[in-house]
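Q: Have a look at the structure that comes next, please.
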Ligand SMILES: Nc1ncnc2c1ncn2[C@@H]1O[C@H](COP(=O)(O)OP(=O)(O)OP(=O)(O)O)[C@@H](O)[C@H]1O
Ligand SMILES: Nc1ncnc2c1ncn2[C@@H]1O[C@H](COP(=O)(O)OP(=O)(O)OP(=O)(O)O)[C@@H](O)[C@H]1O
Ligand SMILES: [Mg+2]
Ligand SMILES: [Mg+2]
């Protein structure tokens with residue numbers, strides 16, 4: 001019997017690399033058009049963004065700081081994607097993670113930052129996972145659509161945080177709805193402090209800190225989890241086929257719960273970076289939309305931890321570059337929101353617009369060869 | 001010569017890399033019943049869907065009543081007088097019969113007059129063709145036979161002169177099928193042209209005037225029904241001599257392995273699908289379960305395989321198995337040495353995007369042999385896969401290929417290899433050869449018989465009576481959730497089983 | 001060159017931030033100088049903005065709003081050579097920060113008097129932004145002024161919310177205005193940043209009088225805004241920019257005497273302000289400056305003698 | 001609470017429910033046709049901006065309304081392109097549209113008006129004025145009925161009445177017309193519609209377009225009737241509350257109205273009262289703010305009857321794999 005036709009419509013590299021890159025280029029072209037339309041010079045803008053975000057250790061410090069956030073939320077979305085769930089609740093989970101971190105840092109006297117970081121990670125993961133637990137449970141047991149419930153939980157999280165900061169955690173006499181500053185002992189070493197001993201001078205002011213390493217570690221752990229463990233096998237199998245999972249004795253309820261809890265925990269972990277590493281206190285809206293950017297990051301990164309890592313750095317660059325634009329030009333920071341929207345649009349929703357012609361092309365090429 | 005009602009010229013159609021139709025030409029005379037047969041995936045449905053404007057052909061022409069007709073969509077097909085009853089019905093489940101009938105054929109922008117008119121027309125059609133349906137019944141609450149009537153009425157309401165039926169009897173009992181053929185003959189007598197897709201040779205021989213055979217996307221022959229015979233048609237279908245007899249020695253039946261008592265199963269919608277059955281499968285025998293699709297066999301298999309809960313009691317080698325809650329899932333079943341070749345290999349038995357070697361662990365991924373510490377031992381898994389691929393002659397012998405890139409028969413071989421190689425006490429098999437070509441059928445049948453010869457119990461569910469006959473040591477017939485009776489293969493025939501399958505107790509009759 | 005960090009709500013809030021913007025623009029026009037600015041979008045940006053400007057060598061770095069106090073306390077020490085100016089902050093212990101507070105209760109007292117005099121129904125309203133001591137401080141002065149004119153005056157007071165979004169919620173401002181009108185208020189004082197835009201709008205739509213805050217808001221609805229309680233943030237910003245890197249640090253309070261607060265009188269509200277009113281306000285102003293009248297500050301013991309919130 | 005306060009609260013309920021209702025009906029058309037739309041928020045926001053911007057520049061609120069509808073339609077078209085033509089993920093498309101609107105409005109506003117991402121305040125002519133019913137003034141003194149007539153029913157802008165008229169209108173279209181039958185069918189089983197000779201793509205685009213028009217009106221109402229101009233992010237989650245109301249209503253028009261009124265009432269109460277004292281138990285304002293969302297979760301959990309969405313909802317119609 002002859003070897004059957006290769007049924008894949010196109011090679012894997014095209015799917016994993018070519019399509020995202022083309023989508024990204026399209027998004028970039030449209031972004032440039034937007035910049036032109038508001039009467040600015042896109043070349044100039046890109047210049048400013050690049051020097052602002054990558055031109056100094058200071059810029060890198062911010063880029064990596066944001067990237068750390070996005071790695072966590074991107075991984076969160078990616079893990080849920082593997083189980084074919086769309087977790088839009090990263091924002092709320094990260095907010096609650098912040099609450100967990102703040103409690104750990106404020107209410108326990110820590111002797112050293114490393115212990116505090118471990119405990120804060122635990123707190124962040126528990127709170128983030130807890131916030132994902134209800135939507136997960138409702139999806140698993142009641143079939144309530146996770147997208148809607150997680151959106152709702154984002155709003156509810158904002159209200160909870162609001163209540164906690166206004167009525168519970170605000171120090172006596174303080175006017176802002178924010179927690180007290182964390183004690184000096186839980187101060188996390190920044191890249192400046194980490195790199196100084198090995199002779200690299202890194203900007204002192206930039207907030208990138210040791211949690212970057214935690215995020216990179218998380219990328220590895222998620223990779224191993226998804227592709228090297230039984231649980232990952234089950235998550236992927238469930239994500240590909242629910243009836244298949246049932247057949248193989250993989251409990252949909254269990255996988256839905258576990259995948260979402262892991263996802264929530266990862267989103268919650270982000271708080272170790274922004275709350276503990278940067279602000280060193282809990283403020284309203286400390287997540288700054290990173291939960292949503294996680295969606296774009298996971299889509300761009302094709303839900304692979306390495307892809308997520310790269311996409312997070314790209315978005316970190318966009319974020320820091322955008323902040324620079326807002327500082328030095330009259331281009332509002334919202335330009336970044338637009339770019340982010342375009343990336344989600346092209347890599348996510350309009351994926352087929354790029355894919356279909358490419359598939360035709362590869363098909364024609366193959367037929368031409370045969 | 002009369003002008004053909006339908007003439008297709010050089011129709012080709014690809015779905016991505018799959019060429020479903022290759023340069024097909026066919027001509028159907030008016031006022032005849034024209035059959036189309038072919039294996040699963042031969043391209044029959046695709047061809048008819050092109051005629052009905054559901055798909056667009058890549059190449060080719062359609063001529064209706066002697067005029068070249070463009071059929072870009074179903075609207076055009078309807079306008080050309082074509083009606084089609086699809087293999088999978090196209091009804092809006094929560095609409096009433098009446099609403100489904102007028103959908104797309106309304107008169108004017110408001111519904112009221114359309115509904116009134118349709119109600120009247122429906123009454124006339126009902127008396128004319130014995131097609132009684134309750135116009136106000138909601139589709140999801142009526143049976144499949146009734147739903148099929150709605151589909152036929154839909155076509156007649158649109159005044160179709162050419163009626164295409166795609167495997168209409170798959171869901172019908174023999175009696176219902178007989179009634180359908182009566183209706184078809186009446187329609188034919190009125191001058192309507194009918195195209196009937198089926199892979200049941202008996203139906204072709206009984207009902208059609210001419211028949212076309214498709215294989216691998218190509219039209220291999222068109223012959224007058226009166227000038228051919230089933231054996232010849234079967235050969236045309238699969239492209240070589242057919243041999244459907246399995247060599248097997250008489251069963252050496254041992255102690256009961258599986259005992260089922262008063263088993264009830266209710267589906268997600270709350271409908272009871274298995275209504276208190278009792279069965280026994282012994283060591284060293286193959287129990288075949290025959291029945292028209294949808295009479296509870298699938299649910300039976302799923303309960304035994306741990307895919308859905310049930311009530312009652314089942315015992316394996318004397319010890320009870322859980323039917324719901326903890327210990328009733330598929331993993332527990334496997335731990336109890338029950339293997340399961342599912343009915344739908346693509347949706348259940350395999351993860352189509354996984355590599356073959358990943359699929360070889362599917363369901364057995366907890367096996368200690370596949371673990372190393374907290375990680376999975378992928379190297380061991382791949383080695384195991386290589387062995388199985390070789391033993392079962394899976395082609396191509398490439399463990400890195402994704403499951404979706406194997407042909408149907410080879411996909412099935414992977415599943416069968418995985419399950420049989422576990423050397424289970426009980427093997428559950430559903431539709432083992434659906435969509436599998438004859439060579440693979442032989443191989444798979446041999447494997448099943450070999451397992452039985454090792455003294456293992458096999459429960460086989462199949463809608464193909466031939467398969468049931470050739471494999472089973474004992475046959476049970478299911479109808480409407482009940483076991484209608486048990487027969488030994490050499491003491492019964494297709495006719496008796498057909499009656500049982502229709503719910504008529506052969507002995508009483 | 002100096003830098004200016006606007007608080008949430010943005011530089012065109014017609015109120016607090018806009019006042020700062022006006023001061024900065026005036027400085028830029030008069031001196032031809034340039035300054036950097038940023039409108040914050042979230043709490044988390046506060047520290048970044050401070051550091052970024054300090055890093056880039058801006059001096060002084062001027063911040064708006066009490067919420068900058070905490071980030072400033074963390075950042076200021078890292079940049080000892082940079083001068084920071086914090087408007088609405090008075091409690092930090094940082095040598096390189098110029099902290100400016102305003103005697104808002106005094107200005108509010110004056111507009112409270114005008115409200116009571118203009119009211120026909122005997123009920124006046126107060127709509128605050130975020131419910132914090134600072135805003136109660138405004139409301140308390142206002143109530144005292146109204147009571148001083150008419151001891152029987154009925155004062156309805158509402159706060160918009162508990163978070164910074166309360167500064168920027170015109171819909172809520174508008175709804176609260178309607179509620180207060182239903183309770184009989186015919187003059188309403190909005191001390192709510194951007195939210196006040198909704199208050200003034202609805203008051204004008206419904207035909208009652210409103211009182212603006214921080215900037216002169218009389219022009220927003222000419223003939224319908226009774227007056228505005230001016231908080232001369234513009235002056236504070238202007239002065240700080242003018243002084244440049246040499247700006248004097250320490251804690252400063254700007255009251256009526258320093259012309260740090262006051263009432264807005266212009267063509268837009270001329271027809272609404274009677275000579276009586278003008279006279280009364282002028283007398284009261286002088287009395288307060290001279291210490292003959294004391295307006296109790298809410299901060300003194302976290303409560304108000306004239307109204308409860 | 002005295003009677004007048006109740007009337008006042010109900011009055012503001014009507015005002016606040018209006019944008020929810022328009023958006024909810026918009027979602028109803030789209031989702032009934034099988035296109036999920038979590039981009040209601042973005043479309044409303046875009047329309048709010050363009051209506052305010054054009055009204056500010058032209059001085060005509062009607063031109064503003066048209067501009068708002070047109071801008072919302074553009075986003076609808078994008079959603080249609082992504083989810084109908086290119087069979088993309090409808091949820092992701094919705095998310096993208098929300099971001100796009102959030103960013104573009106501020107970007108364009110800043111470019112055009114240089115007022116920190118807002119439009120200039122609108123004055124008479126640029127806003128929808130309240131319509132006073134005949135004798136409203138005269139009858140306001142009549143006890144009970146007077147205030148109901150003059151305060152509650154009279155004195156809203158024309159868009160409010162339009163929104164409430166759209167409820168029976170939608171019901172009629174959905175259940176009494178050919179278009180409605182087909183629309184409902186395409187959300188349940190597009191293959192049935194297709195094989196019945198009706199264009200699935202056409203129907204779905206039509207539904208998405210109606211959704212765009214209604215979202216456009218909702219946005220215009222926010223910026224030119226409820227408020228006098230656009231401010232950044234002014235929809236403040238209303239699109240999501242509308243979505244919640246749609247689920248609450250189980251995708252039916254009359255129920256949608258009641259759900260929106262309920263959520264409007266919750267908002268009205270939360271707006272007026274900071275913390276609500278229920279005989280000793282103080283409900284913090286945050287609870288009131290979160291209540292619509294909590295309620296939605298409760299409904300989704302099936303405690304108030306199961307909400308079954310249109311069966312083909314969210315899935316692109318793919319004939320050829
Ligand atoms: N919508 C589709 N998209 C992609 N491939 C398709 C589609 N429909 C059919 N095919 C492929 O085209 C080939 C022919 O399928 P078709 O359904 O026409 O076969 P058939 O003869 O009707 O088979 P059966 O007897 O199983 O109904 C198969 O390989 C099938 O997988
Ligand atoms: N109608 C068709 N026309 C052309 N190619 C087809 C058709 N149906 C299937 N194929 C392709 O041809 C190859 C063989 O498929 P098929 O399922 O027919 O296998 P097969 O040769 O019958 O092998 P097996 O015996 O394993 O079933 C596959 O790659 C399949 O995708
Ligand atoms: Mg078929
Ligand atoms: Mg085959």
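Counting begins at 1 with the first residue displayed.
In case you wondered, yes, glycine gets a Cβ from its N, Cα and C as well.
Quick paste from TrEMBL:
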{"type": "TRANSMEM", "residues": "A:16-39", "note": "transmembrane segment"}
{"type": "TRANSMEM", "residues": "A:59-81", "note": "transmembrane segment"}
{"type": "TRANSMEM", "residues": "A:93-110", "note": "transmembrane segment"}
{"type": "TRANSMEM", "residues": "A:116-134", "note": "transmembrane segment"}
{"type": "TRANSMEM", "residues": "A:146-166", "note": "transmembrane segment"}
{"type": "TRANSMEM", "residues": "A:205-226", "note": "transmembrane segment"}
{"type": "TRANSMEM", "residues": "A:246-270", "note": "transmembrane segment"}
{"type": "TRANSMEM", "residues": "A:308-329", "note": "transmembrane segment"}
{"type": "TRANSMEM", "residues": "A:335-354", "note": "transmembrane segment"}
Q: May I ask whether the transmembrane segment (A:308-329) has at least three C-beta pairs under 8 Å with the transmembrane segment (A:246-270), counting pairs 6 or more apart in sequence?
A: no
Q: Tell me, please, if the transmembrane segment (A:308-329) and the transmembrane segment (A:116-134) are in contact, taking contact as 3+ Cβ pairs under 8 Å between residues separated by 6 or more positions?
A: no
Q: Go through the chain and flag residues at least 6 beyond the ends of the transmembrane segment (A:205-226) whose CB is under 8 A from any CB in it; none is fine as an answer.
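A: Contacts with the transmembrane segment (A:205-226): 57-65, 67-68, 71-72, 75, 78-79, 82, 117, 121, 188-192, 194, 232, 235-236, 262, 266, 269, 272-273, 276-278, 304-306, 308-309, 312.
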Q: Using a Cβ distance cut-off of under 8 Å, indicate which of A:16-39, A:59-81, A:116-134, A:146-166, A:335-354 has the most pairs with the transmembrane segment (A:93-110).
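A: Most Cβ pairs under 8 Å with the transmembrane segment (A:93-110) come from A:116-134.
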Q: Flag the pair the transmembrane segment (A:335-354) / the transmembrane segment (A:59-81) as in contact if three or more Cβ pairs fall under 8 Å (sequence separation 6 or more).
A: no
